[in-house]
Amino acid sequence: MKVMKKLLCMNIAGDGETSYANNSGLQKVMMSKSLHVLDETLKDIIGDHVGFPKCFKMMDMGCSSGPNALLVMSGIINTIEDLYTEKNINELPEFEVFLNDLPDNDFNNLFKLLSHENGNCFVYGLPGSFYGRLLPKKSLHFAYSSYSIHWLSQVPEGLEDNNRQNIYMATESPPEVYKAYAKQYERDFSTFLKLRGEEIVPGGRMVLTFNGRSVEDPSSKDDLAIFTLLAKTLVDMVAEGLVKMDDLYSFNIPIYSPCTREVEAAILSEGSFTLDRLEVFRVCWDASDYTDDDDQQDPSIFGKQRSGKFVADCVRAITEPMLASHFGSTIMDLLFGKYAKKIVEHLSVENSSYFSIVVSLSRR
């Protein structure tokens, strides 16, 4: 298997039609749903001004290469400065911002989005896996991640013979598959917490938003449907002679959507952080349930065909590197065209949504 770090990046085609940068609107919608937790966490940090650092160091883990990466970090800086103004604190802090993602991330495209005049803010690219150490011990005040830590460090072992014709957990998967994914998640999330616990100063904070599962039963149909439909598309292409059966049998996506109980248990067991807040929310696959005055988004314009393409393009932006590496790049347009049609059929009979979890943590 090729090095997983090279395959777990988003579609890095700069600002092309299928790039993550141009297909991350759904992530922006999801991020906006969790911003109130981020704001409350920042208010808690500023609440006790005594000892607040003159240089506030923060990190965005899994920043990718689109405009969303800068949206949250700039929002954090603006919020902190506004809170200082409200408290009549004249001397604003300086900021060091570390933008982290895997080495193949398009950092060049990301830094092109930066303003040439950053004032009191200093921004650095930080390539590397967040399942490894990224910064010196006790050097970070705040860490943030949005829709990244549900990605596993590797495909769980032992799936090839147990999960045929599926590319992720599915309702037809045997119990061994669910156990393998859960075990890999527990190991990875515990490692993640331990490493961030080493890097973040005592009393520092961390806010994480990620895909979750609405029920404890891992075979829940709605929570698995997005990848089940992609698997069915590949099965159809095997029948048409467009994909090799062995290639399908040997492919599984390294992702896991935990339930809230698993998240709470992992945080408690690892012990570096206190769980201050946990919230959940849903967003429709095509984001048609979301309206925002700034975006002037009208849910009525989401027809079935557009919804299918929107969902397929979003999934393509986050999965194409690993799919193209395994099945070949020449079938990607055909694959996601067929996938979009299956999405249309699915949404015509079911109103599916993504289930998200957001947590706010304090370093003990």
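From the backbone N, Cα and C atoms, a Cβ is placed for every residue, glycine too.
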Recorded Mg(2+) site member, picked from N163, N211, that accompanies F251, N252 in Swiss-Prot: N163
Using Cα positions only, nearest of the recorded positions to L102 (S-adenosyl-L-homocysteine binding site) (Q27, Y144, H150, W151, F251): W151
Inter-residue C-alpha distance, F251 (Mg(2+) binding site) and W151 (benzoate binding site) (nearest angstrom): 15
For C63 (S-adenosyl-L-homocysteine binding site): intrachain residues, at least 6 apart, with Cβ closer than 8 Å: A69, L99, N100, D101, N105, L110
Mg(2+) site, defined by N163, F251, N252: further same-chain residues with Cβ within 8 Å of the Cβ centre: V155, L159, E160, N166, I167, Y168, Y249, S250, I253
